[in-house]
Amino acid sequence: MPISIPKGEKLMDLLSMKGKVTIVTGASGPRGMGIEAARGIAEMGGNVALTYAGRKEGGEKNAAALEKEYGIKAKAYKLDVANYESCCQLVKDVIADFGQIDAFVANAGKTADSGVLDGEISAFEEVIQTDLLGVAYCAKAVGHHFKERQTGSFVITASMSGHIANFPQEQTSYNVAKAGCIHMARSLANEWRDFARVNSISPGYIDTGLSDFVDKETQKLWHSMIPMGRDGDAKELKAAYVYFCSDASTYTTGSDLVIDGGYCAR
């Protein structure tokens, strides 16, 4: 059966996440795309399950802060996205605690700090395992639940690096993984067409702290190639996550939204 037209008429009703449960992976940091995606969902009244890899304190702190500020239910869970069984356990635990899963934001990821020739093969494999296979594991783990309920939205944090090859830093593994994420979203959108939507978001250079190790001269070079001349702030992405997770996008699937200050258009 085709995915149905939403009952809401007003925009705020379509964007509302009240009564819905969203998993957001990689949301334990003090700032970043994961916590901003979760905050956007919470602002619209949705309950959220946050995941962390090693920062338990950060995940639990973020969950508690969202509960206090927005009056929603939030809980933090440990997740190793590179392990399929861990992804399956997450889905089981969230269903047990919240009763259902309506949307899943596959945001957890890892950056690359070397190219193919100057880096270890283990480093290349780790990025692919986390950024590409980890997304596939999450999709498979939650996809059965979506199919059973005949509803769901799966949102992948891809990257503009899936569209272009970044310069001057060498990060082939990351570029390959994110390009795969974009095409995974398109492919899953077709595979899941009868019961769930799948889309991706491709951020550009966003000030999340993950690139703080890059020297200032390189960062200045990045800015010179961005038409808007600056990094993005993670809060400038949260509306996109809400759109894809909510009923406002029920006729949108297989799409990739580039939010990069114009970098890919230069």
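Even glycines carry a Cβ here, placed using N, Cα and C.
According to Swiss-Prot:
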BINDING   Asn107, Lys140, Tyr174, Lys178, Ile206, Thr208  NADP(+) binding site
ACT_SITE  Ser159  active site, proton donor
ACT_SITE  Tyr174  active site, proton acceptor
ACT_SITE  Lys178  active site, lowers pKa of active site Tyr
With H, G and I counted as helix, E and B as strand and the rest as coil, say where DSSP puts Ile206 (NADP(+) binding site).
strand
Neighbour-count leader, CB within 10 A, binding-site residues: Lys140, Lys178:
Lys178
Which residues of the same chain, at least 6 positions away in sequence, have a Cβ lying under 8 Å from the Cβ of Ile206 (NADP(+) binding site)?
Met33, Asp231, Gly232, Asp233, Ala234, Glu236, Leu237
Tell me the Cβ neighbour count for the residue listed as 'active site, proton donor', meaning other Cβ atoms within 10 Å of its Cβ, over all protein chains shown.
28
So for Thr208 (NADP(+) binding site), how many other CB atoms are inside 10 Å of its CB?
22
When you measure from the Cβ of Tyr174 (NADP(+) binding site), how many other Cβ atoms are you left with inside 10 Å?
25
Measuring Cα to Cα, tell me the gap between Lys178 (NADP(+) binding site) and the residue listed as 'active site, proton donor' in whole angstrom.
6
